[in-house]
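Copied from Swiss-Prot, the annotated features are:
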- Thr13, Thr14, Ser15, Thr267, Gly310, Gln314, Gly411: ATP binding site (BINDING)
- Thr13, Arg17, Thr267, Gly310, Gly411, Asn415: ADP binding site (BINDING)
- Thr13, Arg83, Glu84, Tyr135, Asp245: sn-glycerol 3-phosphate binding site (BINDING)
- Arg83, Glu84, Tyr135, Asp245, Gln246: glycerol binding site (BINDING)
Amino acid sequence: MEKQYVLAIDQGTTSSRAMLFDRQGKVAGVAQREFGQIFPQPGWVEHNPREIMTSVYTTITELLNNAQIDARAIAGIGITNQRETAVVWDKATGQPIYNAIVWQSRQTKDICAQLKEAGHEQMVRDKTGLLIDAYFSGTKVKWILDHVEGARERAQKGELAFGTIDSWLIWNLTGGKVHVTDYTNASRTMMFNIHTLQWDAELLAMLDVPAQMLPEVRSSSEVYGMTQTQYFYGEQVPIAGIAGDQQAALFGQACFEPGMAKNTYGTGCFMLMNTGDKAVASKAGLLTTIAWGIDGKVEYALEGAIFVAGSVVQWLRDGLRMLGKASDSQAYAERAGDNDGVYIVPAFVGLGAPYWRSDIRGAVFGLTRGTTKEHFVRAAVESMAYQTRDVLTAMQSDSGIELKELRADGGAIANDFMAQFQSDILNVPVLRPEVAETTALGAAYLAGLATGFWSSREEIAKQWAVDRRFEPAMADDKRQALYAGWQQAVEATMGFRIS
């Protein structure tokens with residue numbers, strides 16, 4: 001049967017999605033399933049790995065049934081995933097020995113403090129391009145081995161496996177036959193040397209993580225293995241692409257040339273700039289990471305990770321009951337007229353790039369008796385744009401490249417007010433693509449290249465198209481005044497302490 005589609009599995013922080021893409025890179029079908037969040041203690045975030053797999057299996061079945069697609073028409077599967085989230089499981093039974101510790105979780109912050117006190121920061125920075133932070137997988141694995149009885153001894157015997165979510169999905173989809181990850185996910189573990197492209201013995205010793213439990217690191221676009229037949233009605237489908245969610249979005253946005261950048265506005269906000277074959281060491285609080293590895297060549301990116309973006313609107317909706325639904329935020333923000341001097345610094349789990357302060361809480365500034373919920377909503381939406389400017393300033397400083405345009409994706413960019421305000425605050429055009437699901441599309445492209453469904457990156461780049469281009473329209477003095485207010489709010493937030 002002729003291959004007509006590529007399937008992307010997009011395993012995110014709050015839901016799993018399965019999506020079909022045709023040869024034109026258009027969405028041909030989608031299914032989505034949410035799963036539970038576990039909060040054992042303040043600042044801790046965990047997932048049940050079995051529940052994640054159930055959500056993935058369910059979406060695949062729903063997608064095939066709803067789209068009435070014959071599995072033989074699927075050329076391959078691309079996987080993209082929430083990065084850094086760590087799973088440890090028993091190789092014999094396939095059962096996790098603890099919950100998955102999520103990228104947002106701060107439960108390893110004490111381990112990070114100890115590593116910093118021991119003087120490991122520069123070594124980690126030089127080898128991994130990362131900072132010592134609870135965000136990354138390495139300290140999560142150490143925490144599991146430290147806290148689950150007998151785990152480290154079992155890991156040393158080769159009885160346990162570690163993986164980021166991509167590894168966990170592939171292990172299960174192949175029936176335990178394949179234990180792999182790709183360069184992008186490995187580069188987020190704090191255990192992988194992004195220059196030698198190997199798991200690093202010194203980093204593993206620092207974390208006391210046995211090498212026997214680590215997955216094999218492969219390229220981002222190749223056939224890793226075949227699915228078991230029960231998931232695709234008796235057919236085996238090749239799993240042929242892997243990328244962490246933000247790198248997948250960079251690929252899906254066709255940012256193939258050095259200096260091209262994208263920003264994804266989701267739960268958090270993640271801005272990546274392609275730096276080509278050069279791993280640019282950041283002096284301004286950004287991360288150096290692997291963009292992808294294809295055809296024997298690795299390319300790099302600078303990244304600014306903002307921990308709280310769209311979730312600040314969710315907080316207004318669910319926590320403060322100011323909104324009926326998140327999509328109402330555009331109307332509320334426009335109705336406010338301006339922010340009336342109100343700033344929200346959404347440091348609910350500290351601040352990420354370029355500040356990297358896990359010890360601070362969020363704050364609201366500039367309240368008066370005249371402050372309305374519309375002002376709150378506008379300040380929340382504006383906070384995404386201000387944080388993005390913080391990151392862009394650092395990115396241009398590190399790279400020496402002045403950004404010509406920003407390709408934007410993610411749920412929040414559907415908000416026209418947000419997109420226009422972002423362009424105004426950056427003084428850079430913001431481009432929203434026709435296909436909004438760029439993360440899943442990037443994974444599909446990687447799998448499609450490996451299976452010959454698409455011939456080249458040049459073919460992919462021609463498919464990328466703009467839905468709407470937002471041009472800067474704000475006076476420069478107003479832009480600078482608004483941003484100065486934000487900077488004051490951040491400075492005040494970092495100076496506030498609760499004993």
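For all residues, glycine too, the Cβ spot is worked out from N, Cα and C.
Shown in sequence order, Arg83, Thr264, Phe270, Leu272, Glu303, Thr439 are the residues of the chain, 6+ apart in sequence, with a C-beta less than 8 angstroms from the C-beta of Gln246 (glycerol binding site). When the binding-site residues Gly310, Gly411 are compared by the number of other CB atoms within 10 angstroms of each CB, Gly411 has the fewest. In the three-state DSSP classification, Arg17 (ADP binding site) falls within a strand. Glu84 (sn-glycerol 3-phosphate binding site) carries neither a helix nor a strand DSSP state and counts as coil.
The two recorded residues, Gln314 (ATP binding site) and Arg17 (ADP binding site), show a Cα separation of 20 Å. Of all the binding-site residues in the record (Thr13, Ser15, Arg17, Gly411), the one with the smallest CA separation from Asp245 (sn-glycerol 3-phosphate binding site) is Thr13. Around Arg83 (sn-glycerol 3-phosphate binding site), a 10 Å sphere centred on its CB holds 27 further CB atoms from the protein chains shown.
Across the structure, Tyr135 (sn-glycerol 3-phosphate binding site) and Thr267 (ATP binding site) are spaced 14 Å apart at their Cα atoms. Around the Cβ of Asp245 (sn-glycerol 3-phosphate binding site), a 10 Å sphere holds 28 further Cβ atoms from the protein chains shown. Largest Cα-to-Cα span within the sn-glycerol 3-phosphate-binding set Thr13, Arg83, Glu84, Tyr135, Asp245: 15 Å.
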